[in-house]
Amino acid sequence: MGLKMRPFLAIYCLGLATSIVARNVITHLPTHPDHPDFGVASELQPHSLLGQLVKRDEGQRCGPGVGSCSSGNCCSAVGYCGKTGSHCDASVCQAAYGHCEAAGTPQGPPTDKIDRPTLGNLPYAPRSIRSCNVPGTIALTFDDGPNMYTSDLLDLLDKYNANVTFFITGSPGAKAHNIGKLDSEPSASILRRMLTSGHQIASHTWSHQDLSKISPEDRKTQLLSNEVVLRNVLGGWPTYMRPPYSSCTSESGCADDMGNLGYHIILYDIDTEDFRNDDPATIQKSKDIFDSNLDRGKASERSWLVIAHDVHEQTSHNLTEHMLKKLAADGYRAVTVGDCLGDPQENWYRMDDRVTGFPISKLLSSKSSMAASRDGKCANPTVTCTGSNFGPCCGSNKMCGSSDAHCGVGCNLRQGQCRLPNNGPLYSAPKAKLGLKNMPTSPKSESTTLSAVSFTAALVFLAGAALTR
Ligand SMILES: *[C@@H]1O[C@H](CO)[C@@H](O)[C@H](O)[C@H]1NC(C)=O
Ligand SMILES: *[C@@H]1O[C@H](CO)[C@@H](O)[C@H](O)[C@H]1NC(C)=O
């Protein structure tokens, strides 16, 4: 295992440097190998690694501008041909320049043509989210699964009445303990159980590659393939994702690509480092990290976004119960990431309307649709001004009305009607035509100018769409 890890560590050090530059996008450094195969990263010294790497891989170079590997060789993430796990594992190898183990592609119709409206008030990529904002909540998150420990974890969560979020890696080749295809049993039942038990399902990409280091095409495939396999089981796919190794820089184009695909990038503010401590003798370190963070504040004022990995035995069988007890004792509730951010459940997934009767559509159709505002306010994203007594438009001040201030620049098309430019007619968003980036629901902190520009662009687009019908 020690030998297998080294190429990864070198990339990981380079990744650190890149992401210091990319501070605006992901201020959290990727101190997180976030993959079971690379569990003891901290024990090795970065400066010696590059030397060892060159000595170790005697094969030819490969990669962008160099070329592909021949005769079944895989191109490692650092650009060497070979046949070992560190060349060929789906999570590290460069599929465009040689063979890769079990990355493959899922069966079923692609999702790439389906509209991806930005819904709700939560920032979408390129911005990333590292913290919860509802006091008294803790979002425990579990990456890389499901695997053989996940069912036990679900039993435990039921016992404690806790909701959590699972960041799912779809490719069977990228799992620590392979339990087969995600859309076959037993994985499919585990996924359905997650959803019906009140947990949130999010994407951790198809095969756990470093999204900052692969081509834009491969990056897109990493998300779209995971959408297909999750859709095969659930009828839709998540709008929340976490980049493997927390790596998704703006320089590489990754952060913008995630925005174009309609994703929220979710990081964390407590790293349990459970991947380093998967041993009865050391898991106490992870418990201590969790406890000492909670001890820094009160539940009435704080909330936390915690990363762990259900694919580790000690995490599923030991650490999680400790966290559930501690958080309850301190007065916190264990909720999903969506709940700890105040984002309603209907914004967590995108439906594939070509399939019906799947778990996600049942879950969402059991919820009532948007209600007309009764008090003239439209701050709550499930409230619409359409049909209210205060006016049809939800303005940037989160109030319903019919003046330019409500219906013009900053008007929220998802929660009512808006007016077309130059005092044109009121316009409602046809659901199918909402597949736009930068809708007026963009994050509050964005500048007015930017919102105005994107709002106008959206209206012009919608006007065009209406005219060409
Ligand atoms: C967990 O989710 C279910 C279903 O959405 C919900 O009814 C329940 O209140 C949630 N529990 C907590 C602690 O938020
Ligand atoms: C759980 O963790 C504790 C340390 O916090 C350890 O002493 C104990 O052996 C672990 N239990 C199991 C079943 O591994």
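Just so it is clear, glycine is given a Cβ too, placed from its N, Cα and C backbone atoms.
TrEMBL annotations:
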DISULFID  CYS69-CYS81  disulfide bond
DISULFID  CYS74-CYS88  disulfide bond
DOMAIN    59-102  domain 'Chitin-binding type-1'
DOMAIN    136-335  domain 'NodB homology'
SIGNAL    1-22  signal peptide
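Sequence features, as recorded in TrEMBL, placed on the structure.
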residue : record         : Cβ within 10 Å
CYS69   : disulfide bond : 26
CYS74   : disulfide bond : 27
CYS81   : disulfide bond : 26
CYS88   : disulfide bond : 22
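Taken residue by residue with DSSP, CYS74 (disulfide bond) is part of a strand. Each residue contributes its Cα atom, and for CYS69 (disulfide bond) and CYS88 (disulfide bond) those atoms are 11 Å apart.
Helix, strand and coil counts from DSSP across the domain 'Chitin-binding type-1' (59-102) read 7 helix, 8 strand, 29 coil.
Rounded to a whole number, the C-alpha distance linking CYS81 (disulfide bond) with CYS88 (disulfide bond) is 9 angstrom.
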